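K.L.:
Okay, these came from TrEMBL:
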TRANSMEM  6-24  transmembrane segment
TRANSMEM  36-56  transmembrane segment
TRANSMEM  62-80  transmembrane segment
TRANSMEM  92-117  transmembrane segment
TRANSMEM  194-215  transmembrane segment
TRANSMEM  246-267  transmembrane segment
TRANSMEM  274-290  transmembrane segment
TRANSMEM  296-312  transmembrane segment
TRANSMEM  319-339  transmembrane segment
TRANSMEM  378-395  transmembrane segment
TRANSMEM  436-459  transmembrane segment
TRANSMEM  480-503  transmembrane segment
Amino acid sequence: MWFEFSIAFFLYIAVLFVPTYYFLSALQIDQRISISMAPAITAFSYSLSGIVLYCLGLKSSPLTIIFPWTSLFLAVGIFVRLKDKRNLLQDLLFIDFHIPLIYIFVGILVTTAVFVANLDGATAFFQDGTDNYYHLNAVRSFAQSGDMSCLSASLFEHSASATVGAGFYPAEWHILAALCMQTLNIEPTICINALNTALIAVVFPLGLYSFLVSIDSTNRNLHIAGSVTTLSVCACPWKFVIWGPLYANLLGLVFISNTSSCFISLLDGKHGKRVNLAALFVTGCFAIALAQPNCIMTMGVILAPFLIRSIYKTSKERGLPAAFLACAASIAILLFWVICRNSPVFSGVANFNWDPILDAKSATRCILELTLIYNNNPPQWIVVACVLLGIIRLVSLRRNRCLLFSPLYFAISYIICISSSGLLRTYLSGFWYNDFYRIACMYGLCLIPLVSYGLELIHNAIKCTLTKMGIGTKGIRVDSLIQVLSIALFCVICYGHNTFILLPNKNADSFDFLTSTIKYQYTLTSPTASLTIGDSEFLKKVEAITGTHNLVINDPNDGSVYAYGLDNINTYYRRFFAPENNDTSDLIRTRLADISFDDQVKDAVKSINAKYVLVLDYDFNGKSGTKYFDFYERDDWKGIHNINENTPGFELVLTEGSRRLYRITVLD
């Protein structure tokens, strides 16, 4: 399984980067930005193809999506180079090419130690939440149906038995996972874990690299410092793989920094032709929108100060009323924010309710200590120290102070979001579902450049001190040695003694806590697991009996919500919640046991052509247990749980402990 995981990981890196970077590097754009933008361009291209193919009635597959785009990017890259009479390999390498390699090396090392090493096998999947049923089922549905349109996303390969209709969903992440599943013919869980690893270990760090390049293009010490600070904030991007899990949001998150770098470069007129940078920025925005639209708003918070600064600076150079125009731009941005908040598109999201769980004082402490959650997550003191030093560095440099606005905004939003309710909260954090976990992650994202500046300041301070002491004046290059030592010290302190060096005291810092959380959530042996090892083994036996086409009625809350995504069992219910406004479903859920004498139920089952009934927890007593969520109501599913081996119209074909599989015989 780990071999398949490795193949999937390298497949993602190859298809996301290689062809697109070859194309982008042929254009007159800074390669440091081009290499980071390649995954966003690729992901959007694949999503666009999925929509077009669906509208044309054609199926999506590696042959209809990956192959055409790979060929096109390579062909255009070759054409542009030949047209300009350049070598076919020209512009692929650039000055400081070793720096992005450092980002990749550190990213893979940290992600392997923190995430991959704590998975319960390559096929492990997240269970402690309500979102992963969608991810698993959607990936399999996309892969098997060949329908990969974000405009018509569905959990069901066959629409005739669908209990939930198809509709718009930002499914770019699911498309990437499904294409990998089709290409390698491996389990969706392996594709998912490999994709998340690639996003965290490679795509996200390179995005931060391009962002640092765009704001301070000649500061090599800052760029190198960023290689170890990129993954140093536990809230970002790690929060999205241990809460929800919010995989689609993860994809949008990793595209924020690289797309932002295009916009900043566009404003400054650096790093390439403005028309090319504008095209990259717009494409990046579409890529983010099809991954998770709220990340567009995050990028807006980050970029708004840069836009206002640019307007002020340009106006002043041209003799225009700079202060007035900058204020006018600020008001226009604020009005646009309010209009979006009140538009029908966002109103449902903005009014999503989460109950406050902390008071303002405790929330402020979470912000200052970088705990950012309420369940005993240890503070990140080394990161906090670097943030403070980064602020000092930015103030002393008298440039890039725009970086201070976005963390301040999300800090205030977090405090209000987690400690209060009301209209103000919906305007500040509504675009992120008023979810303090998402806000915490965005806050962490905005802190990373400050941490990088802080580490750079430490490096400069050590260098200055040694120079004053006369060390390094006899031809000894201490600069590189200082970088290595300061980076190594930061890594040991930040990433935790139990991440790389095993010591007795577990959970002593945030990364120890993070690795323990991942280990707990990505296993079948967790006390709160919806699906146990016994359930998983039973489902494999069920699939051998039912096959992959016979429809199986189930109570999804007993763990069978994952039966389709994991074992390709054609289950009728593929989400935890009971479908609304579905009379057929209502009859089956509440009266299925009466099928032998209830013609309405019989007709309902006949209409969906169901053949089997699956029960993974026959002895469940109706109270909220370890594998059931608080919203579960047994009466909503009593038609299924009232069936036993003596119920007329059903034949018990497989039993194991509290697990049952019945064949519906009344329709024979």
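In case you wondered, yes, glycine gets a Cβ from its N, Cα and C as well.
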K.L.:
Based on Cβ pairs under 8 Å, which of the stretches 6-24, 36-56, 62-80, 296-312, 378-395 lies most in contact with the transmembrane segment (194-215)?
P.N.:
6-24
K.L.:
Using a Cβ distance cut-off of under 8 Å, indicate which of 6-24, 62-80, 92-117, 296-312, 378-395 has the most pairs with the transmembrane segment (36-56).
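P.N.:
It is 6-24, which has the most Cβ pairs under 8 Å.
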K.L.:
Determine which recorded stretch among 6-24, 62-80, 92-117, 274-290, 378-395 has the most C-beta pairs below 8 angstroms with the transmembrane segment (436-459).
P.N.:
378-395
K.L.:
Using a Cβ cut-off of under 8 Å, list the residues of the same chain at least 6 residues beyond the transmembrane segment (6-24) that approach it.
P.N.:
34-35, 37-39, 41-43, 45, 66, 69-70, 73-74, 76-77, 92, 176, 180, 183-184, 186, 190-191, 194-195, 197-198, 202-203, 280
